[in-house]
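Asker: If you scroll down you'll find the structure; I have some questions about it.
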């Protein structure tokens with residue numbers, strides 16, 4: 001008797017789940033999907049999820065069409081003039097590989113430094129007698145006079161020197177123009 005009761009309960013549960021799975025018109029009219037009172041329990045379609053649609057044509061037909069298109073593409077490629085066709089890749093190594101320590105530079109090529117116009121910051125140009133790249137000793141050895149003056153007055157942040165440079169492209173200029181131009185406001189505001 002106990003076994004028949006368990007079988008009956010399992011059967012009733014299966015019928016109940018099949019009934020509710022197949023019944024789609026039981027949706028309440030006031031139910032608005034994710035915006036309902038039970039929004040977290042909405043099991044509607046997920047946005048952006050692709051549905052698995054059964055393919056309408058056989059995969060063999062698709063594969064045959066793809067092969068046919070590739071054959072047509074090769075036919076038209078062979079019709080091109082020889083200059084426009086890509087060369088076939090070489091299968092054998094015919095050149096001796098020369099070791100180059102840095103990209104783009106070979107060992108046999110003499111290194112010459114061309115004088116390029118280098119602008120380190122906007123609005124600033126280097127003078128002709130100043131080299132474009134200073135030597136390492138000049139870069140990493142601070143000026144002794146500058147070090148003494150810095151320690152005497154204040155200690156700026158790391159990497160800062162006492163020579164202050166204003167905003168990029170600007171020089172400190174305290175020459176004010178002699179004539180000023182005064183214009184009226186466009187939006188008709190009045191000063192009281």
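Using N, Cα and C of the backbone, Cβ positions are placed for all residues, glycine too.
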Asker: For which of 41, 47, 172 does Swiss-Prot record the feature leucine amide?
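Answerer: In Swiss-Prot, 47 carries the leucine amide label; others show none in the record.
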Asker: So one of 116, 126, 158 should carry the feature leucine amide according to Swiss-Prot; which one?
Answerer: 158
